[in-house]
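Single-structure report; data block below.
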């Protein structure tokens, strides 16, 4: 199994970020008279519910739709705070940073058009239940999402990126000094391009942009490598059989219990609901918190135990589609992994030749689907037992928790240092890796600092023997034969 990253609280449930600053249901409810069929007393009760009643404990279970503040709760109070662990670099005093290579997930986004359509269908269905208090209350909620929003960056997402840029600049001031060169690349998706622009804006005008002064290079071959991998697309992405564990969990006892509870609350026959519709209701709770910083009335449908089940459903999908479920998920990311080390190599060679570092800052903006396979390729967050439909209870303390790994604005940062006054020549160049601004422990040493030589040696097989073209070639087998993966 993989080594334990430092200070990420594996083995115990992370505390959800404080809900300070959340407005109550009353603040976001439509300002109109109660609909017919719902008593004035019940409607008043709904409006007066404090946030703790509607969503206590839910925000830690939103998976890939989690706020960045769930992994760094201190940012709720001060979005520019570096946090309590920023000073714990444990680097010798004679080390200076040469290069920072960051792979970011875009900031907080709106739901996709598909999610908005499903929510609209569920919302319309509730309008036909005027005699049911909970259904009528949710039917009275203003359905403000429009399909044109389709996964676009929300205003909060721009703030996520601007604040992250300012924190990184404060943490590594020598690298972000005036007139240093910044290479900025992005996925072609609108939310990533806007996140790149917001990150750049957060740094102010002092830095010069690498290459032509266009601002952002679109590079889907690195940021959306999964789209270019035929083996992954055919055998995982478009293969229903590959999601067998996910589909089995949707029909399993834990999800059936949640479905029955939600159907009862909404006075619907359980046959009219399915796992996807219930998950859309749950994710609406997450979107309202992340986008608007409000407690949505949709949250009131779920208990913390329900949230744990729905989080596991999300994590199962991530595990089998982007994580350790199939080797091709992670092996397809070796093109990005190797590109990271090629730039680190170049910086080392330039330093040895006493040349200026041509690319001191390389920032690339992609997706959760960019970061999750890369972290799996590196062996992080690997549990002894695979996540499956029938081992939910045994996975209570799992390492693979997508909300803790790839929330909105997630970031994986490699920092290369040059160190003077070292005992051996191999100690001259050293590396740290940070995930979501927290130092990670390396597998080969359980330390948060590694010589560059040792790190390359540990990943020698991936660096030398993982070839994207060969990895992604389709085998001559039936596409439903997922065992081939």
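Each residue, glycine too, has its Cβ placed from N, Cα and C.
TrEMBL: automatically predicted annotations, no manual curation.
Per TrEMBL, the feature disulfide bond maps to 95-419 (among others). Counted within 10 Å of its Cβ, the other Cβ atoms near residue 419 (disulfide bond) come to 17, all protein chains included.
Packing around residue 285 (disulfide bond) is summarised by its Cβ count: 26 other Cβ atoms lie within 10 angstroms of its Cβ, all protein chains included. The feature disulfide bond is assigned by TrEMBL to 285-299 (among others).
The highest number of surrounding Cβ atoms within 10 Å, among the disulfide-bonded residues 95, 299, is found at 299. Cα-Cα distance from residue 299 (disulfide bond) to residue 419 (disulfide bond): 51 Å (rounded to the nearest whole number).
Cα of residue 285 (disulfide bond) to Cα of residue 95 (disulfide bond): a distance of 46 Å.
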